[in-house]
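Just below is one structure, and these are the notes that go with it.
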Amino acid sequence: MLDLPTALVSTEAEEAGRVLERNKIYAEICNAKIDSEYFEEKMVQTISGAAKTKEVQCETITVAEKGMMVTSWDLDNSLEASETEPAQTEELRAPAGKSSKSPSAEEHSQAVPSARANLQQDLVVMERILMENIFQPKLALYRQIPVLIEPVVTSEPEEEAEEDEEEKEEEKQEETSDPNQRPAEGAGASLEQLWSYRCDLTSGHSVSSMACNKVNPDLIAVGYREFVSQDQKKGLACCWSLKNPMWPERIFRCDHGVTAVDFSLASPNLLAVGMANGCVAIYDVRSPKDTALLDSSASLNKHKGPVWQLRWVEQDRGDKRERLMCISGDGRMTQWFIQQRLDCFDVMKIKRTESGKKKLPGERERKSEGPISQEAAGMCFDFHPEDTDIFLAGTEEGHIHCCSCSGKEQILGTYRGHKGPVYKVAWNPSSTDTFLSCSADWSILLWHRHCHTPLLTFTSVTAFVHDIKWAPQSAFIFAAVNDRRVEIWDLSVSIFQPVLSCAASPEGNLSSLLFARNAECLLLGDSCGQVGVWQLHNLAVPSTE
């Protein structure tokens with residue numbers, strides 16, 4: 001409806017008096033402004049807008065309550081975001097007289113990978129926190145610190161709480177009666193498995209070698225190889241850490257099976273890897289990339305056989321300058337130097353030795369073998385703990401050579417005692433004139449440096465002995481692994497039987513072992529790709545502080 005108010009009022013209306021009075025006042029004001037130069041009389045039409053009323057029908061507004069949990073780091077992140085936003089807006093604002101520019105596509109493309117990397121790093125930290133919570137009791141035993149037990153807060157009556165306490169005490173008694181749990185003090189030497197380094201990636205591979213980082217003992221390098229129908233497949237070199245026992249920190253994929261690994265002392269981030277095809281590669285464990293810094297694929301002097309062992313050796317006692325030494329199945333002992341490329345020179349070539357048998361009457365002298373069979377395959381080596389110029393080299397024909405890196409005579413003496421390939425040799429770290437050797441002839445021999453016949457022979461089972469290691473700072477205790485069991489020998493207790501013999505790998509055969517440098521634990525690798533961490537109990541091993 002249109003409603004326009006009228007401009008006329010009847011003289012009989014109630015408000016007629018008030019309208020006449022207002023008109024009289026308006027006429028007097030106008031008469032008073034006739035002589036003013038700022039006043040001019042004109043006719044003006046004023047249109048009064050129509051007042052309209054509009055009604056709208058809508059749905060009722062629904063109200064819902066929602067809540068969320070805010071942590072301290074959320075508050076910190078929001079505070080940092082609020083501080084950075086004004087700075088970003090100021091950069092985007094253009095000063096007076098200049099046009100503003102929007103962020104380019106390149107800046108956005110650079111921001112996305114950085115955000116993805118930050119997210120990945122945050123997930124890694126979160127994963128480590130979860131792993132430490134899950135493995136906290138085992139890690140505490142490894143560190144030999146008390147296990148943290150979270151208090152249980154309940155609102156049950158006192159009688160029910162007492163019943164729960166009695167049930168917990170019974171469970172503790174059952175756990176202590178379990179033979180697989182930690183043994184009581186005063187019992188014999190025993191092993192307790194804490195955890196295993198394994199994942200789907202290492203399944204089906206065989207552990208060939210292990211090495212502990214010289215600076216960070218919690219970091220372990222493990223080499224893996226795989227043999228199926230005598231065909232060599234690709235290998236792995238993984239770096240495991242206590243921070244995450246379920247997935248390696250670094251994974252280096254190699255084209256051939258990994259046969260040897262070792263960390264550098266002068267540069268603890270460098271990891272040397274030997275492979276089954278004779279190639280040697282050096283990786284940087286600080287880099288997230290899995291490509292090698294250097295490799296010997298372009299070297300003319302590279303090995304023609306598997307690199308069975310390699311090690312970073314100090315130039316002199318206490319000198320941090322190092323040399324990378326390798327021994328291979330092609331009969332060569334080499335020293336590698338790192339420049340723009342990785343190359344080597346021969347320290348010595350291991351020649352085949354005569355059998356030492358006396359010639360029978362009437363027996364003709366055998367003709368010399370062809371040039372291809374003149375060199376004996378090298379299997380292992382170990383440098384003297386005090387004189388880094390002297391080293392032992394074990395061969396496939398069962399001999400051990402005492403050699404020198406300098407001088408005209410490289411072979412100082414030969415130790416004959418094994419009937420099969422020598423898999424490992426190890427100097428005694430405390431009594432430096434004695435060393436151990438193990439072989440495929442099922443035996444472990446104890447030698448003296450100046451005696452070319454073995455002092456003692458240790459044989460407990462009919463199986464290949466793959467690896468031996470002296471206990472840290474011990475002149476009497478050593479460990480050995482064969483296909484079936486791990487053995488701990490204490491020469492101060494018995495020279496006839498090991499103080500401990502345990503089947504530590506029910507799923508596969510044991511292949512290598514390593515003493516932990518910062519704990520009384522033993523690391524055992526097997527043919528299934530697992531590295532078990534076992535704690536030694538009631539064994540008189542000096543602490544390695």
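Placement of Cβ uses the backbone N, Cα and C atoms for every residue, glycine included.
According to TrEMBL, the feature compositional bias 'Low complexity' maps to 94-103. The annotation compositional bias 'Acidic residues' is assigned in TrEMBL to 156-169. What TrEMBL lists as region 'Disordered' is 80-114, 153-187. Annotation comment: TrEMBL describes 415-447, 458-492 as repeat 'WD'.
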Per-residue pLDDT averaged over the repeat 'WD' (415-447), given as an integer: 94
Which residues, given as numbers and ranges, are at least 6 beyond the ends of the repeat 'WD' (458-492) yet have a Cβ under 8 Å from it? 189, 191, 423-424, 426-431, 436-440, 442-446, 498-504, 509-515, 517, 522, 524, 534, 536, 539-542, 544
Would you mind splitting the repeat 'WD' (415-447) into helix, strand and coil residue counts from DSSP? 0 helix, 18 strand, 15 coil
